[in-house]
Amino acid sequence: MEPGEIHALLGENGAGKSTLMNVLYGLYQPDEGEILVDGEPLKLRGPSDAISAGIGMVHQHFMLVPVFTVTENIMLGAERTRGGLAGFLDRRRARREVVEVSERYGLRVDPDAVIEDLPVGIQQRVEIVKALTRDVDLLILDEPTAVLTPQETEELLTVMRSLKAAGKSIVFITHKLGEVKAIADRITVIRRGKTVGTASPEASRDELAALMVGRNVRLTVEKAAAKPGKPVLEVAGLVVDDDRQIRAVDGMDLTVHAGEVLGVAGVQGNGQTELIEAIMGLRPTLAGSVTLDGEQIDGWSTKRVLRAGVGYVPEDRSVDGLVKEFSVAENLVLDIYDRPPFAGGLALKRDAIAASAKERIEQFDVRTSSAAMPVGTLSGGNQQKVIVARELSRPLKLFIAAQPTRGVDVGSIEFIHSQVIHERDIGTAVLLVSSELDEVLGLADRVAVMYRGRIIGIVGPDTPREEIGLLMAGITPEAATEQAEARPATDGDAPTSEEEE
Amino acid sequence: MSTMAVPDVAVAAVDQGFWTRNRKVGLVLLVLGLLAAVLFGALATDQQARFTLSEDAAGTALEINGTFGAILFGVIALAAGAALLAAVPKRWFLLVLGVGLVAFVLSFLCWQVSAAPAGQNFMPLVNIIRGTFILALPLIFGALAGVLCERSGVVNVAIEGQLLMGAFSGALFGSISGNVWVGLVAAAIGGAFISLLLAVFSIRYLVDQTVMGIVLNLLAVGVTGFLYERLMQTNAERYNSAPRFSNWEIPLLKDIPVLGPALFRSNIFLYLGLLLVLVIHIGLFRTRWGLRTRSVGEHPTAADTLGVRVLRVRYRNVLLAGVVAGIGGASYTLALYSFTKNMIGGKGFIALAALIFGRWNPTGALLAALFFGFADQLATYLGAINSVIPSQFLAMLPYLATILAVAGLVGRVRAPAADGKPYVKG
């Protein structure tokens, strides 16, 4: 790393990017090898060593105490005290420092706000301020854009440029090629824990992708035009609360036709999770109706919904999708274990389960040494294939896939995508929810953008990303044109002249 | 984490309907006030209800006609309920609720005192207040031990065991040495010993903290019971006759009417307990130690990434909790009674309830402990004046109140987020 450089660390999920950075931040201990800072080997026993060596990190999952204020979070671990044994906190001074740093780098935060009341983008800003108050020279950003809208991402890139101008080095971990090309000075590509190459930002997307996965991959999904049939899923006026009794889905209407993929795009936390859970009978609906093939299914038990011909890939496979300790074979029949041919009388028919498992492991390319392995020992991609295999083995009317490729390697992504398209082509209605805009645009025949519990717009998959990004931020095209006229380019305040110094 | 992204605008937009929590509480208070005014008013007699400012019937007293008082205070409670129902501003909520509840209790007392047998229709306030604090004292220490532990993320169900071990070792070493201070230190160490076991097994070996706490309580009962029979019963003279702290009068404060004789002519434990509430409250919210403790109890991973040593903070707090509870145990054996088998008798669990009722806050825990202590004291008093209300019924009420409180009727009760969750790196 050079001073004042933005170095992108590019790699697939599970390639070892985050692990490497956690070692650099002192959270994990290296088994072998050493870290050099200014030519000196550095021994990190914990994060406090890393901080004093000038290394700061913004974690993928924010490291903020939700019930603390911004100031409290920022001063934690490096508290300003009024001296003396008791260690009384000097809140006023800490607060002043927060204000100072946030003004110096243009990172506006309210020092007295409580974290849990802040939107994700602001929380991330707090994380960056937290690192900056510790006088770091090297800032590690671990997948910082995963939870941001395209506009917030743009803001973040601006912030990164101004940090660079101030002489800070930044390690930018991501698997999104576009962002890398937009901002990085140098790119290191990692695959399976090894550096496989460095590249300059001038390299083409295809080159970078090839380095990342080790072979040429299709970035787009090949598919024929959809032949939408009759409506299968109809959601009307649906109202659902989240776990905290706060309205998450707020009067939502949505129709999915047979033989089409409807993609739901949106920033996480705009009610996507609650919508899917309500359709699946996992969460009570407060108002509105859900109909499947003309039959009202809201209020049904989940089992009944599944039996009615709904396939479901939950967004968090380790919590809702699989029983990790159970074998692959058992996980493959979790939905129909109590029916023939897998059950007879009170007993499970082990032979039938094993035989069907073998068949499906082959059909869905699940890489496991045996069907008897606990499913938790498989890689993320193969675990996901087990779920897809299970859900697609029943005759379906509706297939719901929530974040179907989260934390999955590129090879498996391709396979899962082709399965989704295949399911569409045999006439199933597909409802796809994903926080990866690329995935939604690649698979969907229609894109519904969800914002604060409602569909704010339905557009075609060839709509420009910018327009969808604005929709994700709650700005409809009409409002956007008005705003564009009223707003002189605020994004342009990154001092380009200073960058050249 | 993902649900936290809901913008606050959405929160504000949530329509709670007419029946907000405040209104529900107001309705309950209104009904209670009505009950008090009508029922207590009808049952009260025309005798004067006297609340004497001393330890007996003598001296100045606040007097009120029984029927009039019961109805008056009932109506006040009713008015407070009506005010809540009419939606007073949020910051007035606790004050109005407090006034209403106190008025309800006063209405009840007017009935009880005026209906007591002739010659007994007085209530000595000094005795009542002193008794309340004495009965609350082990709860205060126990609940503070809970605060220290749970704010750092370790569930402390072992308060009972810590109190018992403190009481036992205080008695034993106090007797052997013949010195109260040695006894006090030994009590602290005894409590810390139970804490050490809790810390090692729950922090290091990741044993379920609740299960571990229960096991430790049983262990403390077993060990102290065994040694009590073997040592103390065979040679009570030598092993179970600890010297006791005498009462210290605090200059000036002791002359305050009512409160002076009730509180400031007491033994060291009462002063220590009140002081600890203050110290822990300030420590928790105004010092570096407190900030780190709370961060470890809420989000240990975040604390770890900032260089806070999570496990060390937890060890330290759990041990401190043992020290505090151990001293609380000694408030029995170095001030009031000699040691008897299982003498804590469940107070540790009541302290746990006080901790929750007090929302993991030292001052809240103090108020909850005093509330329990008062109910306990009132039950004793009503027994003494041959009340028609069975004292056991009254003794039950605080726990009913705790259940209602924990169920969320008096505001949202939120435990530290990482309470009970062991921290494993990576």
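Note: Cβ is positioned from N, Cα and C throughout, glycine not excepted.
TrEMBL annotations: computationally assigned, not manually curated.
Pulled from TrEMBL:
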TRANSMEM  B:25-44  transmembrane segment
TRANSMEM  B:64-85  transmembrane segment
TRANSMEM  B:92-116  transmembrane segment
TRANSMEM  B:128-147  transmembrane segment
TRANSMEM  B:154-174  transmembrane segment
TRANSMEM  B:180-203  transmembrane segment
TRANSMEM  B:210-228  transmembrane segment
TRANSMEM  B:268-285  transmembrane segment
TRANSMEM  B:318-337  transmembrane segment
TRANSMEM  B:349-372  transmembrane segment
TRANSMEM  B:393-413  transmembrane segment
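Non-local neighbours of the transmembrane segment (B:318-337) in the same chain are 137-138, 140-142, 144-146, 148-149, 152, 154, 156, 159, 162-171, 174, 180, 183-184, 187-196, 198-199, 203, 242-245, 267-269, 272-273, 276, 343-344, 348; each lies 6+ residues outside the stretch with a CB under 8 Å from one of its CB atoms. Per-stretch counts of Cβ pairs under 8 Å to the transmembrane segment (B:268-285) identify B:349-372 as the leading one among B:92-116, B:154-174, B:180-203, B:210-228, B:349-372.
Panel annotation: around the transmembrane segment (B:64-85), residues 22-23, 25-38, 40-41, 43-49, 93, 96-97, 99-101, 103-104, 106-108, 110-111, 113-115, 121 of the same chain, lying at least six beyond its termini, place a Cβ under 8 Å from a Cβ of the stretch. Long-range Cβ contacts of the transmembrane segment (B:154-174) within its own chain (Cβ-Cβ under 8 Å, at least 6 residues beyond either end) map to 138, 141-143, 145-146, 180, 182-191, 193-195, 198-199, 202-203, 209-210, 212-214, 216-221, 223-224, 227-228, 231-232, 239-240, 242-243, 314, 317-318, 321-322, 325-330, 332-334, 338-339, 342-344, 346-349, 351-352, 419-420. The transmembrane segment (B:92-116) is in contact with the transmembrane segment (B:25-44), judged by 3+ CB-CB distances under 8 Å for residue pairs 6 or more apart in sequence.
Long-range Cβ contacts of the transmembrane segment (B:210-228) within its own chain (Cβ-Cβ under 8 Å, at least 6 residues beyond either end) map to 155-158, 160-162, 164-165, 167-168, 172, 194, 197-198, 201-202, 240, 339-342, 348, 420.
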